[in-house]
Structure formats: structure tokens, C-alpha cells
Amino acid sequence: MTTQRNTDKPHSKPEDQWNMYNRNPKFKATAKRCSPNLMKDGFQSLSSPVCIEASAVPLPPDSDDEIYFPVPEQTTKESQHEQKVSMKLHEEQDVQAAEHTLYNQYEEKIRPCIDLIDSLRALGIEKDLSLPAIAVIGDQSSGKSSILEALSGVSLPRGNGIVTRCPLELKLKKIPTSQEWKGKISYRNISTDLQHASEVENAIRNAQDVVAGTKGNISGELISLEICSPYVPDLTLIDLPGIARVAMRNQPQDIGEQIKKLIKKIISSKETINLVVVPCNVDIATTEALKMAQEVDPKGERTLGILTKPDLVDIGTEEYIISIVQNEVIPLRKGYMVVKCRGQRDIHNKLTLASAIHQERQFFETHKCFSILLDQNKATIPHLAMKLTNELVAHIIKTLPTIESQIREVLQKSVQELQKYRRGTPTIETEKLAFLTDLIKLFNQDVSRVICGEEHLFGNEIRLFAKLRKEFQTWGLLLLENAAKVQKSIPSKMWKYEDQYRGREFPGFINYRTFEDIIKEQILDLEEPAIVILNNVIRLVEEKFLELTNKHFANFKNLNRAAQTKIDVIRNTQAMNAENHIRNQFKMERIVYCQDNIYLDDLRSTKAEILGKDSGKEISFASVSDKNAIFIQEMISHTKAYFTGASKRLSNQIPLIILSAVLHDFGDNLQSSMLHLLQEREKLNSLLQENSEAAKMRNYLSGRVNRLSKAYQCLKDFSCL
């Protein structure tokens, strides 16, 4: 069915509408302080109340507070007429001045919030994070398009089946009455200026054909429509395709699931306010739109319900509709509103949008049941516009700190990622060697920083030395556990000596061979755990060096592979050297030796410590006689004294061996080996062969860093307002 476009000025009002507002006591005070230009579009309640709620802008005094000036009594009708004309002129000047002040303060407080998010969305920030938005969803024929038409003042595509086939960003901007209507539609790299409201419908249809094709398919690609008019609220909405249950001809059979998937992707974001449109003449509990909103917002914290078609409700069900709007049936934190927009018959009869708003108010004013909703500001398009603007601005202010934090974090990560793709391979042969030299130089610098424990960190990264220290702390705990194990095993070993090996010696004489055996056995138990620590450290160091190759050579697969091969070869060599060194250390440890003065100092300290404790709590002597307790205690003192020195030695020596061979020598040899690549001139072109995806990734990351930097600057500029 073809629709008649409205070629009149958007939102042009019938002449008697001003009188209608004056007749309504609720709007009487407002009418006195608003110019006819603001009144004629039906949005007069938006100009003042929005400022009250969102920016606390003081309004001119109400009618009760009006100031009256004494007027001397006139003697002639002509003088009285002149006085009336003069008073009317002054009144109009006062109204215009008040309007100008309100508009300027409104522009300073409200418009920047919405413009900020619009500018971030225009930069493409939604590719990186979610932005505050109001998404409009509803089943087919729910009245969704009619609401958007009433808010925007323009006709949108209508027809059978799925008409909205792409997300439509509808940016409404209120401008002074002195300026003319203008619009702009943008999609992909196309941007078209619109000179008249009548051009909007065809412009949207053409844009959808380009983005989604001409066969009824849908697309998740955004189309942006900007409308600047004196007769629209300051608001940005995202219109989504209506939820379909049956595919039309030429449409995929799963078109319904495609639409639901697209809708769910957008309304799932916690930054999105979901505007759910439901007709009054259907069971609200069964509507697919509300069901989807409840799935992503179970508590209803960011869902606003809009009831349409109140003129089609069955007689006797009005109270049920009122209970829904009063939030008594399916509670939503943001509540419900009800509106009456143009129907298909109204469009066929060429009813203008302005007249439809006029008829909507008359409907609610005269309805015996629904008039109470008008008194509560829960009905009509103007009140809906006011509600949506306030909700959006409050939501933007609430989420700005989170948005700034997310942009900062994503920007930092993107800059770090871009370092891998800093620039492409030179085309001039003489520059290639210098380019490779720079790459290897930067890589070697990072290796040196790792060796010194001074590498640059991003986010929650942990320095390699911090990881190695944990491994060496584990080694220290193993030594303590081994020393405790020795003390517990001494009584049984001494009993074995008494029972099997003591010959003509008197009881109480310490056998040095037994002492040596105990020491050697416990030292031997530490050798394999030391090798485990070595392997753990090798793995951590290798992972760090491989991470550096991916950081510097990610887009040069041959160079990256060459560096990884060198890391693997050097790793094996250094691991073998370190293991041999550790095993030699334990071979020496099996020689029981200590300087006399050091040993005697440790022995005195050990005996003093033991005497200061209740020896019965230290060791159980149930397996030996009391007469042997003294020389067992003596053996414990000697072994503990020796292990004190040996543990100190091993606690430092094993980590030093590992750090020397596996970190320092590994890193130094890797740097030297990478420099050798510069001498292999015949491999130069092969080493610098760039991956096919590298240039694409570089461009992507550069664009991302660019838009995030601009977005961050926008937020900084906004915070200075």
C-alpha cells in the first residue's frame, strides 16, 4: 500500500491548538510562559520540564507568582486599546526572553550529554565497547513505527512484512525556531543531506537496499539518520526490526531467528535502555518483545514499557490497562507509558503528525478511564519524549566513568598490540638491512630488560623475576622440610646402629660414619627437586623470550621462526649446562666438610636452641632406652648444625647456578645469535617477508587507536564543561 507523504512543515499545528492548551488548567501556567512557536508542535511540555529534571534550570514564575503593574485608568477607548497593545507587546518580549534563557541553559546542560555519546558512536567506538542507548523493540504491527514518527515528525517506511531491516539510529536534535529543518542519513561511507522531511522515507528505503539487499534480508549494520528541527526532542534512539514469526516470500525461512539474534545482541548490553512497545489489545504476558527484554534484564532495571493503540481495547478491560501502566502486573523499574499514534486509516486519510498529536491529547483528556494517566504524565507523545530524554541523560551521566575507564584500558592494550605491527617492510633494498637491524635492536633491548628485571609491564602482567622468585622460595621451603625430616629420622637410625653395628664401643660414643651416612642420604634427596626447580625456571624464561619474539616479529613469519629456532637451540644448551653444574654441586655436597669456626658457631647455636626447648616435645624416644637419649640428642645437634650451614649454601647456590646459566647466559647468547642474522645477507628478503594479514592488522589497529584517542579526548573535553 502506498502512503501519502506529508509535504507540510513538520509538526505544523492547527490554529486552535493554542486555545486547547489554554482551556486545559494543567497546561495553563506553562502556556503563559512559552511562545506560540514552541507551543504549536505539541512539545511545549518538553521544553520546560526536561530542564527542571535534568539540569535544575529555574523556570519563570508560575501564574500565581506573576507580577502585576498598576495601570492608570483610561478615559477613552483608544487609550485603553493602546494600553492593551503595549502590555501584550511587553508580555511577548518577556516570554521570548524567558524562552531564549531556557533554550541556552538547556543547550549547556542537556545537549552536550547526548552529543557526546553521538560523537563517540560516530567515531565507531561501539566496535570496541558498548555505549548508552535507547533501543526500540516490538512485535510486528505493535505501533513501533508510529511512535518513532510522532517523536521525529517524519514519515518512516511502512508496509507489509519486515519493513525495518537494519538497526536505524535516529538522532533527534532540537534547534531554535529561527532555523530551518534539516536532516542527514549516513551508512557505510555514504552521507546524504536531506532538505525536507518528505525525503526521509525514500532515503531510508534506499539505504536499507544498499546495506541489506533488495530481497527482504536483514543486516546488523547501522544506518544513522540525523534530524534537526525546532519541533523534536533532544533524543537518540535505535530502531530495531520488528519481531517476525512467519517469513514472507523471498525471505530466508529462519528470518525470525535472525531478527531475534540481532535484537538480543543489542539489548543484552547493560548500557542499553530497552523501550518495549506492546499494543493494548494483546495479552502483555505473551508478547515476544517483553519476553526477550526480560531474558536480558530479569529485574526490569533498564526496561521501559510503552502501550499503544488504547482506542482498540475491549470495553471493560480499561482498568486492566491502567493497572499495567501503574506497574501492578509486570513491574518494571522504569515503569510504563501509554500513547495513541496514527493508525493505517489515519494515514490513508492523510492525517498529519501534528494533528495526530492534537487528537491524542483530546483522546486522553476526554476518556473516562485513561484521563487519570494524562494527569500523572504517563500518557501522550510529548510526555514520552520528556521521559525518554531524562532517562537517556541520566543513564549517560551514570555510565560515563565506566566508559572512560573502558576506553583507557582498550586504548592501552591497542597501543601495545600495535607495537607488533609498527611499520611495514621497506621497498628499497638499501633500507632493508637498516630495518632488520632496528627490529633486532629493539628485540635485544627487551631481552636485556628481562635479564635485569626491568621489562615494561602492561595491565596485570607480572615480571619474570617475580615468577622466578616464587620458584626459588619453593626451593627454600624444600630445604627446611628436609632439615626437619633429618631430625625425625635420627632416633631410628641410631637405634639401627645400636642394634646392628655397635661393637666394643661404649654407649654414648658418636659414630662419625653414621653421622656422614645421615648427611649424605639427606643431601642426595635434594638433588632431583633441584632439577625440577631448574626445569620450571627454564620453562618460564623460554616463554618470556618467545613472547618477545611474537611482540617484535609477529608480522614477519620467517624472522619469527628463525628467532624461535635460536631460542630452542640455546635453551637446550643452557639447560644441559645448568643441570651438569647442579649435579656437580651435589657431588661436592656429598663431601662432608665445613670450616671449624663456622661449624662450631652453628653447633653452639643449635645446642642452645635445643636446651631452651622441651626435648620431649621435639622427639619421641619411645623406641630407645633412656640411657641412649643423651647421645641421640648429641647426634641431632651435630646434624642440625651441619645442615644449617649446608642449607644456607644450597639455598643460594642453586638459584645462582640457575640464574647464571638459564637467564643471563641464555639471554646473552640469544642476543649475540640474533645479531648474527644481520650477516646472512642472502636471507634478508626472506626474513623480512611480511605476513599477508600483517598490513591489514596494522591498519585495523591504527584506526582503533585513532578513534579511541579521539574518544578519550572527547571525554576529557566534556569533563571540562
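Cβ from N, Cα, C; glycine included.
As annotated by Swiss-Prot, region 'Disordered' applies to 1-22.
According to Swiss-Prot, the compositional bias 'Basic and acidic residues' annotation covers 1-16.
Residues annotated as domain 'Dynamin-type G' in Swiss-Prot: 128-401.
Non-local neighbours of the region 'G1 motif' (138-145) in the same chain are 156-158, 161-164, 239, 242-245, 276-279, 287-289, 308-309, 339, 341; each lies 6+ residues outside the stretch with a CB under 8 Å from one of its CB atoms. Taken from Swiss-Prot, the feature region 'G1 motif' applies to 138-145.
Under DSSP, Ile243 (GTP binding site) is assigned to a strand (E or B) in the three-state scheme. Feature annotation from Swiss-Prot assigns GTP binding site to 138-145, 239-243, 308-311; the stated evidence is sequence analysis.
Positions annotated as region 'G3 motif' by Swiss-Prot: 239-242.
Sequence-distant contacts of the region 'G4 motif' (308-311) (same chain, six or more residues past either end, CB-CB distance under 8 Å): 142-143, 146-147, 277-281, 321, 338-341, 343, 363, 367, 370. Annotated region 'G4 motif' per Swiss-Prot: 308-311, in sequence order.
Beyond the region 'G5 motif' (340-343), the same-chain residues lying 6 or more positions past its ends with a Cβ under 8 Å from any Cβ of the stretch are 143, 146-147, 149-150, 308-311, 351, 353, 356, 359-360, 363-364, 380-381. According to Swiss-Prot, the region 'G5 motif' annotation covers 340-343.
Feature annotation from Swiss-Prot assigns domain 'GED' to 632-721; the stated evidence is sequence analysis. With DSSP states grouped into helix (H, G, I), strand (E, B) and coil, the domain 'GED' (632-721) comes out at 81 helix, 0 strand, 9 coil.
When the neighbouring Cβ atoms lying within 10 Å are counted for each of the binding-site residues (Leu240, Ile243), the highest count belongs to Leu240. For the region 'G1 motif' (138-145), the DSSP-based tally of helix, strand and coil residues reads 2 helix, 2 strand, 4 coil. The Cβ of Pro310 (GTP binding site) has Cys280, Ile321, Val338, Val339, Lys340, Phe363, His367, Phe370 as same-chain neighbours under 8 Å, each 6 or more residues away in sequence. Under the three-state DSSP scheme, Pro310 (GTP binding site) falls in the helix class.
Sequence-distant neighbours of Gly138 (GTP binding site) (same chain, 6+ residues apart, CB-CB distance under 8 A): Lys144, Gly242, Ile243, Val276, Val277, Val278, Ala289. The most densely surrounded of the binding-site residues Ser141, Lys144, judged by C-beta neighbours within 10 angstroms, is Lys144.
According to DSSP, the secondary structure content of the region 'G5 motif' (340-343) in residues is 0 helix, 0 strand, 4 coil.
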